[in-house]
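Here's what Swiss-Prot has on this protein:
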- 33-53: transmembrane segment (TRANSMEM)
- 77-98: transmembrane segment (TRANSMEM)
- HIS83, HIS182: heme b b562 binding site (BINDING)
- HIS97, HIS196: heme b b566 binding site (BINDING)
- 113-133: transmembrane segment (TRANSMEM)
- 178-198: transmembrane segment (TRANSMEM)
- HIS201: ubiquinone binding site (BINDING)
- 226-246: transmembrane segment (TRANSMEM)
- 288-308: transmembrane segment (TRANSMEM)
- 320-340: transmembrane segment (TRANSMEM)
- 347-367: transmembrane segment (TRANSMEM)
Amino acid sequence: MTNIRKTHPLIKIINHSFIDLPAPSNISTWWNFGSLLGFCLVTQILTGLFLAMHYTSDTMTAFSSVTHICRDVNYGWLIRYMHANGASMFFICLFLHVGRGMYYGSYIYFETWNIGVILLFVVMATAFMGYVLPWGQMSFWGATVITNLLSAIPYIGTTLVEWIWGGFSVDKATLTRFFAFHFILPFIIAALAMIHLLFLHETGSNNPSGLISDSDKIPFHPYYTIKDILGVLLLILILMILVLFSPDFLGDPDNYTPANPLSTPPHIKPEWYFLFAYAILRSIPNKLGGVLALIFSILILMLFPLLHLSKQRSMMFRPLSQCMFWILVADLITLTWIGGQPVEYPYVIIGQFASILYFTIILLILPIISLIENKLLKW
């Protein structure tokens with residue numbers, strides 16, 4: 001009798017995706033982040049579901065409902081902080097996952113890569129709307145500032161913003177619709193993640209060398225299932241240290257003040273994972289220019305397959321490109337720091353320089369270095 005794992009229509013799909021999947025024998029820990037992102041998504045959906053059972057999306061009661069969750073609901077504080085810090089872990093894994101793809105040339109599988117970039121956009125939108133829900137000062141003003149950016153769109157901008165707001169300012173209608181979208185989007189993310197995997201399994205995984213690994217494949221289970229479980233345990237450890245010892249470490253103290261449309265916080269800034277994009281937005285004095293730079297700072301990832309001019313796929317054997325890649329990482333860390341600083345000298349100048357460097361490295365320097373490396377190897 002044939003194993004049910006290989007014959008049952010549904011179990012067969014799971015088998016081909018997670019058990020009998022041929023995987024390269026040399027993929028490193030950098031390949032763990034896909035499974036970690038899956039784990040983060042499941043955790044966020046579950047904690048979010050339990051939070052939604054007690055949350056009310058009304059401007060009068062939203063803030064107090066979050067307080068009620070933390071004070072009166074059994075382990076409500078744990079669920080709330082796991083959800084808030086889980087988002088940070090999600091973005092850490094996302095950035096490392098994208099960075100891995102850039103370093104090892106995974107973007108050559110352009111269908112998988114482009115779905116991944118769309119996923120990044122949707123996750124960022126979801127996180128932004130989630131940040132608005134507690135209805136603290138930073139929630140309200142963050143929503144006001146970011147939605148207001150759409151007014152930079154010529155001709156239809158103002159109408160579009162008022163349509164999104166559901167009125168003439170961020171108010172009850174805005175909060176209610178943001179809650180509705182924040183609830184539905186994670187399920188859309190899950191569907192997109194399945195498409196992401198579908199495209200990946202069409203080609204098979206890349207590996208650190210960037211070479212074709214068809215001649216040396218091993219089954220995903222038990223080798224990489226064990227490896228992924230180790231990664232998940234480490235993620236849980238870091239998340240729980242954060243949640244249990246310093247749950248507000250990555251948050252903003254302003255969000256413990258209920259939203260007040262009459263009082264603007266001294267420094268309006270988003271969560272840490274948006275600061276790099278926020279710094280790019282602020283570094284351009286023109287509103288429309290800033291918005292375009294903000295969108296393009298993420299959309300530029302879609303150009304990576306077109307900008308790949310090297311004869312080698314991975315950066316593993318390309319020291320010049322490696323050096324430039326790490327300068328890009330340092331530049332992004334600088335942008336993240338600048339995004340959290342007030343708009344004054346010298347931060348403005350540093351932000352503008354770092355923003356120019358970000359686009360220059362990706363669009364100009366990396367492709368040129370690739371050509372130089374080809375020349376050095378007489379290719």
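Cβ atoms are placed via backbone N, Cα and C, with glycine included.
Structural mapping of features recorded in Swiss-Prot.
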| residue | record | CB count, 10 Å |
| --- | --- | --- |
| HIS83 | heme b b562 binding site | 21 |
| HIS97 | heme b b566 binding site | 20 |
| HIS182 | heme b b562 binding site | 21 |
| HIS196 | heme b b566 binding site | 21 |
| HIS201 | ubiquinone binding site | 14 |
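Tertiary proximity for the transmembrane segment (178-198) is limited to same-chain residues at least six positions away from its ends with a CB under 8 Å from its CB atoms, namely 17, 37-38, 41, 44-45, 48, 52, 55, 57, 112, 115-116, 118-119, 122-123, 125-126, 129-130, 132-133, 143. If one looks beyond the transmembrane segment (33-53) by at least 6 residues along the same chain, the residues whose Cβ comes under 8 Å of a Cβ in the stretch are 69, 79-80, 82-83, 86-87, 89-90, 93-94, 96-97, 100, 130, 182-183, 186-187, 189-190, 193, 228, 231-232, 235.
Of all the binding-site residues in the record (HIS83, HIS97, HIS182), the one with the smallest CA separation from HIS201 (ubiquinone binding site) is HIS97. Taking every listed stretch (77-98, 113-133, 320-340, 347-367) in turn, the largest tally of C-beta pairs under 8 A with the transmembrane segment (226-246) is reached by 77-98. In this structure the alpha carbons, written CA, of HIS97 (heme b b566 binding site) and HIS182 (heme b b562 binding site) are 23 Å apart.
Between HIS196 (heme b b566 binding site) and HIS182 (heme b b562 binding site), the C-alpha separation comes to 21 Å. Reduced to three states, the DSSP call for HIS83 (heme b b562 binding site) is helix.
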